[in-house]
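These features come from Swiss-Prot:
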BINDING   79, 82-83, 87, 89-92, 107-115, 119  5-phospho-alpha-D-ribose 1-diphosphate binding site
BINDING   79, 110  anthranilate 1 binding site
BINDING   91, 224  Mg(2+) 1 binding site
BINDING   165  anthranilate 2 binding site
BINDING   223, 224  Mg(2+) 2 binding site
């Protein structure tokens, strides 16, 4: 191993370069599992720094299967997971509605780790081929405004960390890396985090990784923008990071109790999503999708305000057109 961990054991942070080197070794299968275990634990106890998160993310992006990146603007909407609140699939549903509105979304996701249904679990239930090739995914993004990048398909080196992660049974740096390592490298992004302590380090990391426009959100216990309370936000805009609070009122929406957006099993969540996309969801469910899609519609230039974004999202949901978008994506995803 080329980088000494002595400083880390003393509570000092690694540099971005040191972390990138270490994670490069891990992804090539060159790191002893005991060393990896102590690396992850020492980082967790100290608290992962922005430089460490950035270095690890750079190593994962560099080692990922390449994606034919387009030259147009496109986004991702994703959460860290780990909030333990088992809501409906907000980000996946919002991605589909966003594509129907006219923004382009390259959704990077995985199977569920801590919730009942991850984005992959849901999209698979909707008939979308998870392991489509990068070229097919790019074609979907071009033609349908949306594609799905299944994390294990692009980040095969992560398999070397899996046994240690399972044995540790605790959150580590990997829990926050997933949303940062989309191999398509979106130009703008909404990312939800499971703790307010992550707002600043994640915003700084996204900025360091070159994201021009983005929002990191923690919504009263949720890794989404909340319909049931306040949302703390870190907004990235051309090199500046601004911290503030949002409420449903800022979107022209009412407050709804958290129980009104509860999810369930993969089958139950698929039914809820299909009902929503067909224009028949509850007001609370529609509000949860709209409040999380509105910032992306604004960043993507389709609207000028968050209220206009929420209105566009709800109008699109109620039209039922988003269900056709799922059919289009499912069909294109199977064409190799």
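Every residue, even glycine, has its Cβ placed from backbone N, Cα and C.
Quick caveat, the model's predicted, so the values are computed rather than measured.
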With the cut-off set at 10 Å between Cβ atoms, which of these binding-site residues ends up with the most neighbours? Options: 87, 91, 110.
91
If you draw a 10 Å sphere around the Cβ of residue 224 (Mg(2+) 1 binding site), how many other Cβ atoms fall inside it, taking every protein chain shown into account?
27
Residue among binding-site residues 79, 87, 91, 108, 110 with Cα closest to the Cα of residue 223 (Mg(2+) 2 binding site):
79
Cα-Cα separation of residue 165 (anthranilate 2 binding site) and residue 224 (Mg(2+) 1 binding site), in Å?
25
How long is the line from the C-alpha of residue 79 (5-phospho-alpha-D-ribose 1-diphosphate binding site) to the C-alpha of residue 224 (Mg(2+) 1 binding site), rounded to the nearest angstrom?
7
Validating a neighbour-count step here. Other CB atoms within 10 A of the CB of residue 223 (Mg(2+) 2 binding site): how many?
28
Give me the non-local Cβ neighbours of residue 108 (5-phospho-alpha-D-ribose 1-diphosphate binding site): same chain, 6+ apart in sequence, Cβ-Cβ under 8 Å, ordered along the sequence.
76, 78, 148, 149, 151, 154, 178, 179, 181, 182, 183, 184
Quick one: of 79, 165, which of the binding-site residues has the smallest count of other CB atoms within 10 A?
165
What does the structure give for the C-alpha distance between residue 91 (5-phospho-alpha-D-ribose 1-diphosphate binding site) and residue 110 (anthranilate 1 binding site)? Integer Å is fine.
13
Could you state the whole-number distance in Å separating the C-alpha atoms of residue 224 (Mg(2+) 1 binding site) and residue 87 (5-phospho-alpha-D-ribose 1-diphosphate binding site)?
10
